[in-house]
Amino acid sequence: MKMKSQATMICCLVFFLSTECSHYRSKIHLKAGDKLQSPEGKPKTGRIQEKCEGPCISSSNCSQPCAKDFHGEIGFTCNQKKWQKSAETCTSLSVEKLFKDSTGASRLSVAAPSIPLHILDFRAPETIESVAQGIRKNCPFDYACITDMVKSSETTSGNIAFIVELLKNISTDLSDNVTREKMKSYSEVANHILDTAAISNWAFIPNKNASSDLLQSVNLFARQLHIHNNSENIVNELFIQTKGFHINHNTSEKSLNFSMSMNNTTEDILGMVQIPRQELRKLWPNASQAISIAFPTLGAILREAHLQNVSLPRQVNGLVLSVVLPERLQEIILTFEKINKTRNARAQCVGWHSKKRRWDEKACQMMLDIRNEVKCRCNYTSVVMSFSILMSSKSMTDKVLDYITCIGLSVSILSLVLCLIIEATVWSRVVVTEISYMRHVCIVNIAVSLLTANVWFIIGSHFNIKAQDYNMCVAVTFFSHFFYLSLFFWMLFKALLIIYGILVIFRRMMKSRMMVIGFAIGYGCPLIIAVTTVAITEPEKGYMRPEACWLNWDNTKALLAFAIPAFVIVAVNLIVVLVVAVNTQRPSIGSSKSQDVVIIMRISKNVAILTPLLGLTWGFGIATLIEGTSLTFHIIFALLNAFQGFFILLFGTIMDHKIRDALRMRMSSLKGKSRAAENASLGPTNGSKLMNRQG
C-alpha cells in the first residue's frame, strides 16, 4: 500500500511538471546591470493593442504583440498622425533554451525547486538559474554550448538585447583565465549581433546603452585573455577580429594590422594599431601583452543606438579599434582607412569614453589626414580603450581653401611668367647702377624660384605614389624642397641688400662680389639643406610622406628642414621691414608737420611692396598651425601665398616707375622702328613711280 501511494505521487508530480512546462512561456526583462536568470512565475502582461494602424493622436503610444514563437511586444509612437516603431522587446531566446540540448532535463529546470527531493528513487534535474551556472556545468572550457543557439536566432531587437546581456554576464562572472577557445566562442556570439543586417534593429532596443555595454564587455573580457605565442591571430570573424602579441621594455616598435569588410560585397577597410618605442620603454623587464580588437560595423551601431544623442551627430568613417595594454602604456598611434574617401571627407580622431558613453575628441590628436587614410595619436586610459574617426563638419572649409589655392597658383604662375618677360624686355634700361642691378637680379631669381617651386608643387599634388615610381616621387619632393628654400633665401638676400643700402652709404661693394654672395646664399644654402635632408632620412625611407610627394613629418620630422629656415627668414625680413619703416618716417631738414600724411603714405607703400617680396605673408602660416584657429586666418594665408606671384608682379614690377618708364620708351622705340620700316618699304616704290611719270 505504501509503495502504491508513492508511485501514485510520482505519477502526479510528473503530470504536474509536464503540464506546467507546456503552459510556461519564457520572457525576460532586460535592464542595465541585470543578470540573465531563469524567469520565475508568469510574465507580466502590459497593455496590448491588437492593431497600431490608421490615423493617431500625436505623442500617443501603442503596442502590439510579437510574432509567433517570440515573446515581448513592439511599441509604436504617433508622429505626424502616423504610427512609427519606437521600441521592440521581441525575443525567442531564454536561459533555458541556451542549454536545452546539454541535458534532457533542462526544460524542467524552472519547476525543479518545487520537487520534493526526499522522494525515494527520484533525481530531480539540477536548476540552471543563470548563464554562468549553465556554462560552468555544460561547457566550462570553451563556452561552445551557447554558440549554436545564439547563431541560429533571428537578430530582433529583443534577441540583440538578450545577447548583449549574455555577453555582459560572461564578462563579469566568467572572465577569469580566458583562453583562445573561450575568446573564439565569445566572439562568435558577438559577431552574430554585429552583422550589417542587424544594425537597424539596434535603434529599437529600449536600453540605449546596449551598444556601449557590448563594447565595454568585449574589452573587459579581452583584458583577461592569455596569449601563448609571441604574436597570434586569435579571432577572425567577419565583424570582429582580435590580435595580440607579447611585449616588454626591450621590444622594438610594434604594430597590429587589420583588414575587414563592412559586408561581403565591399572592399576591405584597413586599420593599424602602433605602439611607439618610447612607450614600450616604460614597461617592466618581465613580459606583458598587447591585444587589439577591430570592429567594422560597431561605429554605425553606436550611432544608430544614439540617434537622439547630440554628441553623436557625425558618422563614423573607419574601423573601431579597441586596445588592451599594460597600465604603464598611455600613448598609441592609430591609422584608419576612410570608408568615405571623397575629397571633402575630412576626419576627426576620437576615443569612446565608456563612462560618459560618447565619443571624446580630447582623447586623440590628428597627425595626418589625407584622402584615403587618417593617422591619430591617442591617449589610452581605463575609460578610453576604443578609438575611431568621425566625419568632420569642416569639409566645406577645406573645399573653399582648395579652390583658392588652385585659382591662386594659376594666377601666380601666369603673373611670374609675365614678370620675367617684362624684366627681360627692360633689363638694359633699368640696371644702370650696381644697386639697381642687384635689385633686379633678386627679383628675377625670386620669380624663377617661386615659379619653379609652384610647378613642382602641382606635379607633386597630382602624383600617385602607389601607381607611379617611388624614386620619381623622391625627385619631386627634393626639387620642391630645394626651390621653395631658394625662394626664401633669395628673399633673405634682398633684405640684406636693403639693410646694406641703409647702413652703408659711402662705401659700395663690387658687383661681382655681391653676385657671388647672392648666388651662394640664394642657391648654395638651399642645396646644402636639401641634400643633407635627403641623405639623412632617405636611407630609412623617411624622407617623404607615404601618401604624398612632400617632406615627412610623422617619422623623421624632415619637414623641419623647410619650416625652420622659412620661419627664421620671415622673422629676419620682418625686422628689416620695421627698420625701413623707422628710417622712412625720419623728417628731412626743414620739413613741416604737414608732411606727416606724405610720410605715412610712403611707409605704407614701402611695407606693401616689401611684404610679398620678402615673404612676410608666410608668417600667417604660424597662426594656421594652432588648433582652433579662426577660418579667417586660413583664408588669408591661402589668398596671400597662392597669389604671391601676382603680388610680386604688381609691387615689384608694375609699381616701379623706372620699369614703367622703360616700358614706355621701349614701346615708343618699337613704334618708331615700325614706322621707319614702313617708310623704308614705301620709299623705293614711290621713286620708281615718279621716274615713270617723267618718262
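Easy rule for this one: first residue shown is 1, then count along the chain.
Glycine is treated like the rest: Cβ placed from N, Cα and C.
Per Swiss-Prot, Ser480 and Met667 occupy opposite sides of the membrane [differing topological domain names].
The disulfide bond recorded by Swiss-Prot for Cys376 reaches one of Cys349, Cys406; that cysteine is Cys349.
Per Swiss-Prot, the residue from the list Asn177, Asn686 bearing the note N-linked glycosylation site is Asn177. According to Swiss-Prot, the listed position annotated as N-linked glycosylation site out of Asn257, Asn679 is Asn257. Most Cβ pairs under 8 A with the transmembrane segment (635-655) among the ranges 441-461, 486-506, 516-536, 562-582 are made by 441-461. Annotation: stretch 486-506 has the most Cβ pairs under 8 Å to the transmembrane segment (562-582), among 407-427, 441-461, 486-506. Tertiary proximity for the transmembrane segment (441-461) is limited to same-chain residues at least six positions away from its ends with a CB under 8 Å from its CB atoms, namely 409, 412-413, 416-417, 419-420, 423, 473, 476-477, 479-480, 483-484, 486-487, 490-491, 493-494, 497, 515, 518, 522, 548-550, 613, 644-645, 648, 652-653. Ranking the glycosylation sites Asn169, Asn257 by how many other Cβ atoms lie within 10 angstroms of each Cβ puts Asn257 at the bottom. Across the structure, Asn379 (N-linked glycosylation site) and Cys364 (disulfide bond) are spaced 6 Å apart at their Cα atoms. Under the three-state DSSP scheme, Asn257 (N-linked glycosylation site) falls in the strand class. A C-beta separation below 8 Å, combined with a sequence spacing of at least six in one chain, links Asn250 (N-linked glycosylation site) to Leu280, Pro285. In this model, the topological domain 'Extracellular' (628-634) carries an average pLDDT of 66.
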